[in-house]
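Chemist: Dumping the structure here so I can ask a few things about it.
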Amino acid sequence: MEAQQSSFSSLKAYLRAVADTPNRLTRRAGSVSSPFEETSRVRARSGSDMKRSLRWHDLVCFGVGGMVGAGVFVTTGRASRLYAGPAVVLSYAIAGLCALLSAFCYTEFAVDLPVAGGAFSYIRVTFGEFAAFLTGANLIVDYVLSNAAVARSFTAYLGTAIGVSPGTNWRVTISGLPKGFNEIDFVAVAVVLILTLVICYSTRESSVVNMVLTALHILFVIFVIVIGFWRGELKNFTEPADPKHPGGFFPYGAPGVFNGAAMVYLSYIGYDAVSTMAEEVKNPMKDIPIGVSGSVMLVTILYCLMAASMSMLLPYDMIDTEAPFSGAFRGKSDGWRWVSNVIGVGASFGILTSMLVSMLGQARYMCMIGRSCVVPPWFARVHPKTSTPINASAFLGTPVDMVFNPLGVPSRMDVGQVFECSLRSGSASLLMEGIAVIFITFWSLAVLTYAPDLLSGIFTAAIALFSDLNILLNLVSIGTLFVFYMVANAVIYRRYVSVGTTNPWPTLSFLYCFSLTSVVFTLVWQLVPPGKPKALMLGACTAGAFGVLLLFHYMVPQARKPEFWGVPLMPWIPSISIFLNIFLLGSLDKPSYMRFGFFSALSVLVYVLYSVHASFDAEEDGTLTQKNGETVKESTDYKDQNSKV
């Protein structure tokens, strides 16, 4: 039989493939994989296997290191000053509950499907290739853009902490370059390159480095907590500095607490990276539940204590929105100014750990996406000696976007101020960002398809097209909440639907109705003015959601029971997670949704113009199988394989 011609072998072949797009979308967009295929055939596309060398304590440290980074030093001040006041403690508790419920959903999938793909793989075995691609695209954008901003903030924060101006000593200004790209940050480049080498060399050694840095960072966090409770005053929980400002523990009421929760949720981003390391865990059934859920609970306790200590140090209306912890001591003249520098050093360690864990997670996401053939399989390669996804690690660790200052921010700024500048800047139009993304994406895919050795240099040049990379930071929260929402839906669908033997429509109808009710509740909460009509509408939405949930619970039986670990109280916990994610999404601003919609549309364009054809070719040559509405039977070999891991 004559071999199927690749869709990218020539321009004529590609145009023929594009003309056949509707048929290919029908075959591939809803095509699902099975756990057995994901852990056998799909994993084999990497060549070598990732080494199973991690235990539960490694995962806990990865989770803590990934979460307790720059986020808590940035979001706490704004959430307290502008939204929640002293009740920011409750904001962190609510956000932590939301993260924990999502962590339960992640854990069930990670135990049952111990592969490197995280949410991408979970959605792929549940809702199919297209939904998984959208999920994966959002994850990669979130990781890459947040790492770019954090890398540059490391230099500024470290310089401020030790009393050295990074602009004078560590950054080089080139007058011949356009403004916004004329400050070269060699420290940021060095940090990213070193971390890239570490994650490429060995996951085990990466874990050791992370443990050391996380331990140092936690010591600084405990120091902040102790100093806050020692030097603080209880009256600051209820009394503002200016009597004209609202007082009490809830100065802005319940809406302020929930709006604050949406803002501080950024501080919890990172635990999902732990699930991407499931393929490298010695005992997934035992280690993953402890690692994922344990790290979220530990971090929630630390965050609540940090928020309480900050609220005791200063009245909420005096808190520095840009650097709340170090700012609390910066202006003191009674010998405590040095505490600000100590906090800066601790924050620098936190930035390093969050970058390390993020880079590990994003490389494994990209490796798994490469295995699925929706991006070039070059990404899927695992090095036989290091047992790490070396191509994905090196590609996503390219530090050029950290070299040139995309904002031209003042050199002597702390991490909070750098984040603030990035969020306020509007120098680059959304259209130009989109053009740059399209150019980079397709040019990189073309190079990987025809000449992967040229990728590094071309990607380096292409990334310089961004006139404002950090403005996309507000995509991080909305993109991550969207992914968590998808995983919560997926865990319910997988429990109640067995493809080919169970009617999926009752489950899909429940998910649609519950999500719609949650959206209506959120809109009423955000848009309707306080009063009796609002209370009645919220009560009606709550009763409707509760009724739909009860009806589904008693009328639709579960199609499968988890063999090793499952989300308790199904479907209540995933449903609460769905509601909380939608509710927190409703607290974000309009520009966040505009950028999210815009870049989601770009992801769809990439899928239609490239990915669906690449996966279709893989199906034609036998690399992928088509399971779209067919029975997907999990082999007993898979269960045996899972039980022996």
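Placement of Cβ uses the backbone N, Cα and C atoms for every residue, glycine included.
Quick paste from TrEMBL:
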- 83-107: transmembrane segment (TRANSMEM)
- 119-141: transmembrane segment (TRANSMEM)
- 184-201: transmembrane segment (TRANSMEM)
- 208-230: transmembrane segment (TRANSMEM)
- 250-271: transmembrane segment (TRANSMEM)
- 292-316: transmembrane segment (TRANSMEM)
- 430-451: transmembrane segment (TRANSMEM)
- 471-493: transmembrane segment (TRANSMEM)
- 505-528: transmembrane segment (TRANSMEM)
- 534-552: transmembrane segment (TRANSMEM)
- 564-586: transmembrane segment (TRANSMEM)
- 565-615: domain 'Cationic amino acid transporter C-terminal' (DOMAIN)
- 592-610: transmembrane segment (TRANSMEM)
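Help me picture where these features are in the structure shown.
Modeler: Here the transmembrane segment (83-107) has long-range neighbours at 76, 118-119, 122, 236-238, 240, 246, 248-252, 256-265, 267-268, 271-272, 275, 288-289, 292-293, 296-297, 299-300, 303-304, 307-308, 310-311, 316, 484, 487-488, 490-491, 565, 567-568, 573-574, 576-577, 580-581, 584, meaning same-chain residues at least 6 beyond its ends whose C-beta is under 8 angstroms from one of its own.
Tertiary proximity for the transmembrane segment (208-230) is limited to same-chain residues at least six positions away from its ends with a CB under 8 Å from its CB atoms, namely 58, 61-62, 64-65, 68, 198, 302, 305-306, 308-310, 312-313, 325, 328, 339, 342-343, 345-347, 349-350, 352-353, 356-357.
Nonlocal intrachain contacts for the transmembrane segment (292-316), taken as residues 6+ away from its ends with a CB within less than 8 angstroms of a stretch CB, comprise 56, 59-64, 67-68, 72, 76-77, 80-81, 85-86, 88-89, 91-93, 96-97, 99-100, 103-104, 106-107, 110, 218, 221, 224-229, 231-234, 236-237, 239-241, 251, 264, 267-268, 271, 274-275, 324-325, 328.
Counting only same-chain residues 6+ beyond the ends of the transmembrane segment (534-552), those with a CB under 8 A from a CB of the stretch are 506-507, 510, 513-514, 517-518, 520-521, 524-525, 528, 571-572, 575, 579.
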Chemist: Counting Cβ pairs under 8 Å to the transmembrane segment (564-586), which of 119-141, 250-271, 505-528 comes out on top?
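Modeler: Answer is 505-528, with the largest number of Cβ pairs below 8 Å.
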Chemist: Under an 8 Å Cβ to Cβ limit, what residues of the same chain, 6 or more beyond the ends of the transmembrane segment (119-141), are close to it?
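Modeler: Answer is 25, 28-35, 38, 106, 109, 113, 272, 275, 362, 365-366, 368-369, 372, 374, 396, 472, 475, 479-480, 482-483, 486-487, 489-491, 493-494, 599-600, 603-604, 606-607, 611-612, 615, 628.
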Chemist: In the domain 'Cationic amino acid transporter C-terminal' (565-615), how many residues does DSSP put in helix, strand and coil?
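Modeler: Going through the domain 'Cationic amino acid transporter C-terminal' (565-615) residue by residue, I get 40 helix, 0 strand, 11 coil.
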